[in-house]
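This report refers to the structure that appears directly beneath it.
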Amino acid sequence: MAFDGETLDQKAAEQLNVEIIPGTEVMKDVGDVHFAHANGADSGSVLVPHPTNNPADPLNWSRLWKIATAVSQLLYVWVLVCSALSIAPMFPLLGADFHLGQQALSLLTGVNVLTLGFANILIVPLSNIFGRRPISIIAGFFVILTNIWQALATSHKSLLAARACNGIVAATSETIMVQVIADMFFLHERGFWMGTYFTFYFSGAFLGPIMSGNIAARHGWRSFFWLMTGLAAFVTLLLIVAFPETKWHRNSTNHAGSKKDSKEQSQVQERAVVSETNSETAAAGQPLGRGKPSKTQWMPVQKPDRRWLSFVVRDFTSPILVFFNPIVFWAALMLAGPADLLLIFNLTESGLFTSPAYGFGPGAVGYTNFAFFVGGIIGVCTAGPLSDWIARRATIKNNGIREAEMRLPALIPYVCFFIISHVAGAVGYQRLWPWPAIIVCGFAFSGLAVTAIPTIAIAYAVDCYKPISGEIMVVATVMKNVLGFCLSYWVFNVDATKGWVAVYMTQFAVSMLPVVLTIPLYFFGKSLRRWTKNSDLHRMEAMI
């Protein structure tokens with residue numbers, strides 16, 4: 001079923017006396033214009049974005065196909081993150097084998113984190129040109145090879161190079177799933193799926209160290225990388241059989257469409273939309289919720305557009321332009337703050353808990369990461385539904401008009417836990433608190449924040465600029481990972497001279513800047529969106 005989003009939004013704006021710009025959506029029937037609803041949408045609500053009448057459109061896929069596609073990609077994300085960010089409990093063993101100090105060991109994580117971020121500058125244009133499916137599968141094969149390299153490394157330089165290469169190919173875990181969410185799911189579903197994505201992503205960083213610490217303690221550190229080799233082979237095979245292409249060409253004139261239609265042409269299009277909607281709704285064969293991937297979507301490589309060179313130029317330059325967008329910049333900082341606090345805990349847990357004050361072994365250090373996992377699960381189970389519920393309540397009070405900023409109040413409880421986790425790290429490390437206090441108030445609360453806060457912030461940015469969901473994650477991951485690399489480089493130097501309070505309070509200052517900026521963003525975010533409503537950013541989707 002095809003919808004002319006611009007025409008319908010213009011009609012809604014006239015009847016409801018509201019300005020419709022990207023990030024502002026009409027979520028109910030208006031006048032004589034009716035919308036189909038399914039897949040969990042409330043009765044009378046609008047499906048945003050509007051699906052086409054093609055059963056192969058990912059928005060029309062059945063719930064089973066959508067879940068199978070999402071789960072295959074989520075498991076892939078989990079394994080890639082697990083292989084990249086799980087070596088901290090093995091630091092004592094790696095240090096003994098290669099005669100390394102704390103700073104050299106932390107660089108094994110830092111260089112991986114750095115390449116993990118910057119590789120997405122290349123991955124996003126490739127996924128837009130050739131598709132999400134082939135890029136994910138090819139990256140999966142290279143993850144297998146880099147894990148074999150890590151398992152066979154015989155020197156610090158070799159292992160460092162393997163870690164850098166692993167970060168490059170594992171970077172698909174940071175952007176492709178966000179693009180898939182924007183491809184397959186409607187606006188009212190994105191909060192949940194964004195939260196699910198961040199849970200799988202960060203649980204790889206949570207549960208991976210538990211596995212690595214215990215496997216290394218019993219069978220040696222190389223065994224962990226052999227395990228990751230097997231898991232990477234499994235999820236790559238899973239993608240081949242269960243992950244069809246989700247990138248879809250839509251020739252719709254929505255917010256990102258042409259602005260040159262005459263009034264007469266708009267009225268003709270509107271009548272056509274109403275007629276098609278009524279007939280399609282009455283049809284028993286309506287594709288919405290009953291579609292499935294076509295044979296073309298299972299092809300190893302999607303045929304690139306003949307304008308691929310212009311896409312490459314655009315995709316290399318657009319992250320730079322997007323970086324200076326205030327909303328995207330804010331969302332990137334909201335991802336970077338919690339993620340980098342988690343990284344500090346990850347880098348320092350082994351040194352703290354294996355010290356004489358606690359006397360933990362590598363296996364016990366690994367088990368402390370269960371706290372991150374439990375906190376992360378609580379975060380994902382609450383953040384997406386809470387932000388969607390708050391936005392829905394605000395939409396009802398606003399006469400069915402949904403503003404993107406309506407998600408933001410859901411951040412309040414998670415920011416409180418985020419602040420407590422900083423204090424627990426600073427004071428708990430400095431004064432050697434009992435380990436349960438550090439693990440619960442520091443590790444668990446940071447795990448809660450690192451899934452909940454980015455879930456809400458990134459979902460808000462995608463609501464505002466859906467066509468550049470991939471570029472949003474490029475900016476966010478580059479910023480997160482550059483800051484993470486800097487942390488891995490200086491954290492132990494600062495501790496040696498000024499103590500743990502200085503380390504965690506520096507991180508606290510960086511993290512609280514975007515948190516404070518959330519207040520003016522809530523009140524003036526629509527003004528920021530209004531300034532960019534005619535930007536080419538909103539027309540990028542039509543080019544892909």
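The backbone N, Cα and C atoms fix where each Cβ goes, glycine too.
Automatic prediction, not curation, is the source of TrEMBL annotations.
Annotated in TrEMBL:
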- 67-529: domain 'Major facilitator superfamily (MFS) profile' (DOMAIN)
- 74-92: transmembrane segment (TRANSMEM)
- 104-123: transmembrane segment (TRANSMEM)
- 135-153: transmembrane segment (TRANSMEM)
- 159-186: transmembrane segment (TRANSMEM)
- 198-217: transmembrane segment (TRANSMEM)
- 223-243: transmembrane segment (TRANSMEM)
- 250-301: region 'Disordered' (REGION)
- 265-281: compositional bias 'Polar residues' (COMPBIAS)
- 320-345: transmembrane segment (TRANSMEM)
- 365-387: transmembrane segment (TRANSMEM)
- 408-429: transmembrane segment (TRANSMEM)
- 435-460: transmembrane segment (TRANSMEM)
- 472-492: transmembrane segment (TRANSMEM)
- 504-524: transmembrane segment (TRANSMEM)
Decide whether the stretches the transmembrane segment (472-492) and the transmembrane segment (104-123) have at least 3 CB pairs under 8 angstroms, with pairs required to be 6 or more apart in sequence. yes
Using Cβ atoms and a strict cutoff of less than 8 Å, what residues sit near the transmembrane segment (504-524) while being 6 or more residues removed from its termini? 326-327, 330, 333-334, 336-338, 340-341, 344, 405, 408-409, 411, 415, 418-419, 422-423, 425-426, 429, 483, 487, 494
Looking only at residues six or more beyond either end of the transmembrane segment (159-186), which have a C-beta under 8 A from one in the stretch? 39, 41, 47-49, 58-59, 61, 66, 69-70, 73-74, 76-77, 80-81, 83-84, 94, 98, 107-109, 111-120, 123-124, 127, 132, 135-136, 139, 142-143, 146-147, 149-150, 153, 193-194, 197, 201, 204, 246-248, 458, 462, 466, 469-470, 472-474, 477
I'd like to know if the transmembrane segment (198-217) touches the transmembrane segment (365-387) in this structure, counting it as a touch only when three or more C-beta pairs sit under 8 Å and are separated by 6 or more positions. yes
Counting Cβ pairs closer than 8 Å, which of 74-92, 135-153, 198-217, 435-460 has the most of them with the transmembrane segment (223-243)? 135-153
Under 8 Å between C-beta atoms and at least six residues away from its ends: which parts of the chain pack against the transmembrane segment (135-153)? 73, 76, 79-80, 83, 123, 126-127, 159, 162-163, 165-166, 169-172, 176, 222, 225-226, 228-229, 232-233, 235-236, 239-240, 243, 300
